[in-house]
Amino acid sequence: MKATIIFLLLAQVSWAGPFQQRGLFDFMLEDEASGIGPEDRIHEVLDLEPLGPVCPFRCQCHLRVVQCSDLGLDKVPKDLPPDTTLLDLQNNKITEIKDGDFKNLKNLHALILVNNKISKISPGAFTPLVKLERLYLSKNHLKELPEKMPKTLQELRVHENEITKVRKAVFNGLNQMIVVELGTNPLKSSGIENGAFQGMKKLSYIRIADTNITTIPPGLPPSLTELHLDGNKITKVDAASLRGLNNLAKLGLSFNSISAVDNGSLANTPHLRELHLDNNKLIKVPGGLADHKYIQVVYLHNNNISAVGSNDFCPPGYNTKKASYSGVSLFSNPVQYWEIQPSTFRCVYVRSAIQLGNYK
């Protein structure tokens, strides 16, 4: 009985025809025999919905990242995949951002528009971007900061534009903002509204370098840990300008025209660790360094300092600082290194951390 069953199974297999590779022409012949023409089949295929989001022409899409950089685009591409989390449009020729350019991009976290020709952004252009965290608009032709930026924004970079005004209203409600980069713009001190940055409660980093400002912007938020104002036209550091910056750890004021630092200025930054005052017009070491508990790095090279006192950097006698210096630079000043008492740097961590050199 078993043998009979096996024989029948083998016979059934042997009756089956061999596998044949079939092409589009074979299916078209079948359609012709069944009364379905090739045109009907083509229309049927065209009517099918796409299986997933379509990548814009010439762009590259991978893992919710849409890269459309370096394509010579003059506008934002249409029909961007709605699940996009990062959109890269840098190095194009886009001149304007319009309402609706980013519709349906509710999952976008980062938008890169660097190095375009953008001079206009419609007030509601970024409204659909309810999850946007990073907005990069550097190297464009913007004269003002964009309005109605998403409240989720954490990082804004708009250096190398044509911005002349920073209004307080632009940053209202941006409570998640951490980084603001405004360098290399034709900004003047009068163009920054008093307290423009005050409303951003989490703001940690501001860079306004290589502009025309002559004073430290007033009303900076107490949350700041880094303030970079290098390459400006600041002439003086007064105590009021640093008041309330209790969390500031790094202050960059290199390449300005600062001739004086008011007494008490550094006392307003009790947690300062790095102070960059090189390439200015200082005639003496700023007061208050010896009493500062945490400061570790002080750059004073390329100034007009002609004398250094034995207590300018360290507490009197051999009282120890909370933190020892790890870097002190005084080279390219009129003061001669042999005129400085060895005990002046008694609170420096290692001697190699001191850079004196000669004045040229």
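Just so you know, glycine gets a Cβ as well, placed from its N, Cα and C.
On a predicted model such as this, the values are computed, not experimentally measured, just so you know.
Taken from Swiss-Prot, the feature disulfide bond applies to CYS55-CYS61 (among others), supported by similarity to another entry. Taking Cβ-Cβ distances under 8 Å and a sequence separation of 6 or more, the neighbours of CYS55 (disulfide bond) in its chain are CYS61, VAL66, PRO81.
The annotation disulfide bond is assigned in Swiss-Prot to CYS59-CYS68 (among others). The number of other CB atoms found within 10 A of the CB of CYS59 (disulfide bond), across every protein chain shown, is 18.
Here the Cβ of CYS347 (disulfide bond) has 20 other Cβ atoms within 10 Å, regardless of which shown protein chain they belong to. Annotation comment: Swiss-Prot describes CYS314-CYS347 (among others) as disulfide bond, evidence class similarity to another entry.
In the three-state DSSP classification, ASN212 (N-linked glycosylation site) falls within coil. What Swiss-Prot lists as N-linked glycosylation site is ASN212 (among others), and the listing cites sequence analysis.
Non-local contacts of ASN263 (N-linked glycosylation site) by the CB criterion (under 8 A, 6+ apart in sequence, same chain) comprise ALA239, GLY287, GLY288. The DSSP secondary structure for ASN263 (N-linked glycosylation site) is coil. The N-linked glycosylation site annotation in Swiss-Prot covers ASN263 (among others) and rests on sequence analysis.
Summarising the annotation, Swiss-Prot assigns N-linked glycosylation site to ASN304 (among others) and lists sequence analysis as the type of evidence. For ASN304 (N-linked glycosylation site), the same-chain residues 6+ apart in sequence whose C-beta sits under 8 angstroms from its C-beta are LYS281, LEU282, ILE283, ASN333, PRO334. The DSSP secondary structure for ASN304 (N-linked glycosylation site) is coil.
Taken from Swiss-Prot, the feature repeat 'LRR 1' applies to 74-94. Secondary structure of the repeat 'LRR 1' (74-94) per DSSP (helix as H, G, I; strand as E, B; remaining residues coil): 0 helix, 3 strand, 18 coil.
Only residues 6 or more beyond the boundaries of the repeat 'LRR 2' (95-118), in the same chain, are considered here, and those with a CB under 8 A from a CB of the stretch are 64, 69, 74-76, 80, 82-89, 124-142, 146, 157. Annotation source Swiss-Prot lists repeat 'LRR 2' at 95-118.
The repeat 'LRR 3' annotation in Swiss-Prot covers 119-142. Summarised by DSSP class, the composition of the repeat 'LRR 3' (119-142) is 0 helix, 5 strand, 19 coil.
Across the residues of the repeat 'LRR 4' (143-163), the predicted structure has a mean pLDDT of 98. Annotation source Swiss-Prot lists repeat 'LRR 4' at 143-163.
Residue counts of the repeat 'LRR 5' (164-187) by helix, strand and coil are 4 helix, 5 strand, 15 coil (DSSP-based). Among the features that Swiss-Prot reports, repeat 'LRR 5' is placed at 164-187.
Annotated repeat 'LRR 6' per Swiss-Prot: 188-213, in sequence order.
The repeat 'LRR 7' annotation in Swiss-Prot covers 214-234.
For 235-258, the entry in Swiss-Prot reads repeat 'LRR 8'.
Per Swiss-Prot, repeat 'LRR 9' is recorded for 259-282.
Remote same-chain partners of the repeat 'LRR 10' (283-305), defined as residues 6 or more beyond its termini with a Cβ less than 8 Å from a stretch Cβ, comprise 237, 254, 259-261, 263-267, 270-277, 311-316, 321-335, 355, 357. Residues or ranges marked as repeat 'LRR 10' in Swiss-Prot: 283-305.
Counting Cβ atoms from all protein chains shown, CYS314 (disulfide bond) has 21 others lying within 10 Å of its own Cβ. Among residues of the same chain six or more beyond the repeat 'LRR 9' (259-282), those with a C-beta under 8 A of the stretch's C-beta atoms are 230, 235-239, 241-253, 288-289, 291-305, 323, 329. Note: the CA-CA distance between CYS314 (disulfide bond) and ASN212 (N-linked glycosylation site) rounds to 35 Å. Mapped onto DSSP helix, strand and coil, the repeat 'LRR 2' (95-118) counts 0 helix, 5 strand, 19 coil. Counting in whole angstrom, CYS347 (disulfide bond) lies 37 from ASN212 (N-linked glycosylation site) by their C-alpha atoms.
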